[in-house]
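> This is the structure I have questions about; it appears just below.
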Amino acid sequence: MKQAGFPLGILLLFWVSYISDFSLVLLIKGGALSGTDTYQSLVNKTFGFPGYLLLSVLQFLYPFIVDPENLFVGRHFIIMISTVTFTLPLSLYRDIAKLGKVSLISTVLTALILGIVITRIVSLGPDVPKTDDAWVFAKPNAIQAVGVMSFAFICHHNSFLVYSSLEEPTVAKWSRIIHISIVVSMFICILFATCGYLTFTGFTQGDLFENYCRSDNLVTFGRFCYGITVLLTYPMECFVTREVIANVFFGGNLSSVFHVVVTVVIITIAMLVSLLIDCLGIVLELNGVLCAAPLIFIIPSACYLKLSEEPRTHSDKIISCVMLPIGAVVMVFGFVMAIINPQDCTHGQEMFYCFPDNFSLTNISDSRFQLTTQLSTLNISIFR
């Protein structure tokens with residue numbers, strides 16, 4: 001919302017959710033047309049080894065461009081302990097269907113976090129000044145916003161794993177599940193984005209939790225719930241990365257020993273990344289434009305266009321022809337803009353409105369220079 005402009009941001013969320021729904025169904029249709037049952041085999045049959053290698057790299061990298069938890073008090077210790085205690089054991093499962101109940105718990109916690117964010121509109125929103133451009137229709141960083149939104153909806157890399165876990169999997173059954181799932185996801189995303197932006201407007205950080213004060217016990221509980229959701233859902237990403245390694249280096253099958261070794265290596269590397277990075281905004285952007293955009297927009301469209309024998313005027317082909325170049329634009333220009341104009345990040349530093357006694361909340365502009373100056377003044381005051 002901050003990057004795209006509030007009205008345009010809402011429209012883009014609807015658009016990205018529709019494209020995600022369409023491309024997820026398109027993937028399974030492509031698998032049916034090619035007689036394949038994995039994303040990698042679909043691309044390999046359609047575009048040969050170069051396409052297979054490119055997809056493998058994207059699927060492998062996606063879980064590593066993730067910063068699981070932004071807990072700044074003992075965060076390194078907490079991440080290491082929680083990874084060893086929860087993430088690793090769950091990631092050692094061989095059957096993704098066994099994570100179903102775990103994912104349900106994650107969904108319930110997400111609804112709980114959403115309730116906390118909604119509550120803070122009323123209790124915290126009036127204390128946060130609104131920036132001058134808070135309600136403009138569109139902003140020049142809309143492409144970066146599409147990258148972040150794409151990250152929110154990306155699940156294409158494990159779609160075949162989920163599809164194969166269904167009882168009597170069919171394209172029609174998959175389509176119904178995807179439609180319902182995307183609608184629910186879109187509703188949750190719109191509520192999160194709207195409530196967060198209405199509370200903080202131009203001061204919204206890449207990680208919404210960075211906007212809340214440390215003394216807020218309710219939000220601290222929300223941070224805890226968020227950490228749990230990541231611990232419970234990250235194993236699904238590990239499944240994909242492990243499958244890529246198994247297909248590329250082990251012919252698709254891992255022995256029990258190598259299954260454990262590969263899983264431990266994946267989890268360890270991902271944990272090291274999360275220990276080194278504490279700024280979630282740039283992570284979401286880069287992941288969105290470099291991995292999510294091609295996995296959502298480009299590859300499903302390209303595969304379907306090459307495999308389908310439907311006439312060019314068929315609706316699926318028309319939409320695919322539109323999706324493919326748009327995905328390329330989001331990927332290229334989104335990456336350039338993310339590097340040139342990265343999202344604001346406090347690196348765990350409290351926002352100025354958390355110190356009403358040391359700081360004036362009147363006549364605050366949304367300019368980056370003034371915000372930086374105000375935060376620097378606050379830091380000097382706290383240090384003294």
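Any Cβ shown, glycine's included, is placed from N, Cα and C.
Copying in the features that TrEMBL gives for the protein in this structure:
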type	residues	note
DOMAIN	77-339	domain 'Amino acid transporter transmembrane'
TRANSMEM	6-28	transmembrane segment
TRANSMEM	49-66	transmembrane segment
TRANSMEM	72-90	transmembrane segment
TRANSMEM	102-122	transmembrane segment
TRANSMEM	142-166	transmembrane segment
TRANSMEM	178-200	transmembrane segment
TRANSMEM	220-236	transmembrane segment
TRANSMEM	257-277	transmembrane segment
TRANSMEM	283-305	transmembrane segment
TRANSMEM	317-340	transmembrane segment
> Looking at the stretches 6-28, 220-236, 257-277, 283-305, which one shares the most CB pairs under 8 Å with the transmembrane segment (102-122)?
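Ranking 6-28, 220-236, 257-277, 283-305 by Cβ pairs under 8 Å to the transmembrane segment (102-122) puts 220-236 first.
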> So what's near the transmembrane segment (283-305) in sequence-distant terms, Cβ-Cβ under 8 Å and 6+ beyond its ends?
19-20, 23-24, 26-27, 29-30, 33-34, 42-43, 46-47, 51, 55, 58-59, 61-62, 65-67, 144, 146-151, 153-154, 156-157, 206, 277, 316-317, 320-321, 323-324, 326-328, 330-331, 334-335, 338, 342-343
> If I count Cβ-Cβ pairs under 8 A between the transmembrane segment (6-28) and each of 142-166, 178-200, 220-236, 257-277, 317-340, which range comes out on top?
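By Cβ pairs under 8 Å, 142-166 leads among 142-166, 178-200, 220-236, 257-277, 317-340.
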> Hey, which bits of the same chain come close to the transmembrane segment (317-340), Cβ under 8 Å, at least six residues off its ends?
19, 22-23, 26, 141, 143-144, 146-147, 150, 282, 285-286, 288-290, 293-294, 296-298, 300-302, 304-305, 308, 310-311
> When you scan the chain for residues with a C-beta under 8 Å from the transmembrane segment (220-236), skipping those not six or more beyond its ends, what do you find?
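Cβ under 8 Å, 6 or more out: 63, 66, 68-71, 78, 82-83, 86-87, 90-91, 93, 96, 99, 102-103, 105-106, 109-110, 112-113, 116-117, 158, 209, 214, 270.
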> Should anything in the same chain at least six residues away from the transmembrane segment (142-166) have a Cβ under 8 Å from its Cβ atoms, list it; otherwise answer none.
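For the transmembrane segment (142-166), the nonlocal Cβ contacts are 1, 3-5, 8-9, 12-13, 16-17, 20, 23-24, 27-28, 31, 37-39, 42, 58-59, 62, 95-97, 173-174, 177, 182, 185, 189, 236-237, 239-240, 243, 284-289, 291-293, 295-297, 300, 329-330, 333-334, 337-338, 341, 343.
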